[in-house]
Amino acid sequence: EKSYECNHCDMAFSQKSDLIKHQRRHTGEKPYPCNQCDKGFSLRSNLINHQRTHTGEKPYHCNQCDKVFSQKANLIVHQRIHTGEKPYQCNQCDKSFLLNSALISHQ
């Protein structure tokens with residue numbers, strides 16, 4: 001049951017912590033500041049990803065080639081090159097795309 005309702009919109013959550021994270025979209029609160037620049041983040045995970053721009057850390061390795069990535073999402077998209085997966089399909093024709101942004105451009 002989703003008993004935690006946002007007072008700014010009609011979203012509801014089963015966990016109070018998820019509601020708190022969501023409400024930051026409305027308030028603009030960014031409680032996770034980077035200690036190396038002036039950027040702040042609403043989610044701790046976004047701060048961690050951002051900090052890799054300063055450290056150069058790339059912990060995500062492709063098991064098919066030598067490419068490395070700072071963010072897991074970028075690795076997942078990259079791996080589609082090897083698998084041939086194109087999950088975004090145009091509903092007007094038979095074309096499929098690696099990226100949703102490519103589908104949007106196509107349409």
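From the backbone N, Cα and C atoms, a Cβ is placed for every residue, glycine too.
What TrEMBL records for this protein:
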| type | residues | note |
| --- | --- | --- |
| DOMAIN | 4-31 | domain 'C2H2-type' |
| DOMAIN | 32-59 | domain 'C2H2-type' |
| DOMAIN | 60-87 | domain 'C2H2-type' |
| DOMAIN | 88-107 | domain 'C2H2-type' |
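Proximity of distant same-chain residues to the domain 'C2H2-type' (4-31), defined by a Cβ-Cβ separation under 8 Å and at least 6 residues beyond the stretch ends, is recorded for 40-43. Over the domain 'C2H2-type' (60-87) the predicted model carries a mean pLDDT of 95.
Helix, strand and coil residue tallies for the domain 'C2H2-type' (4-31), in that order: 12 helix, 4 strand, 12 coil [DSSP]. With DSSP states grouped into helix (H, G, I), strand (E, B) and coil, the domain 'C2H2-type' (60-87) comes out at 12 helix, 4 strand, 12 coil.
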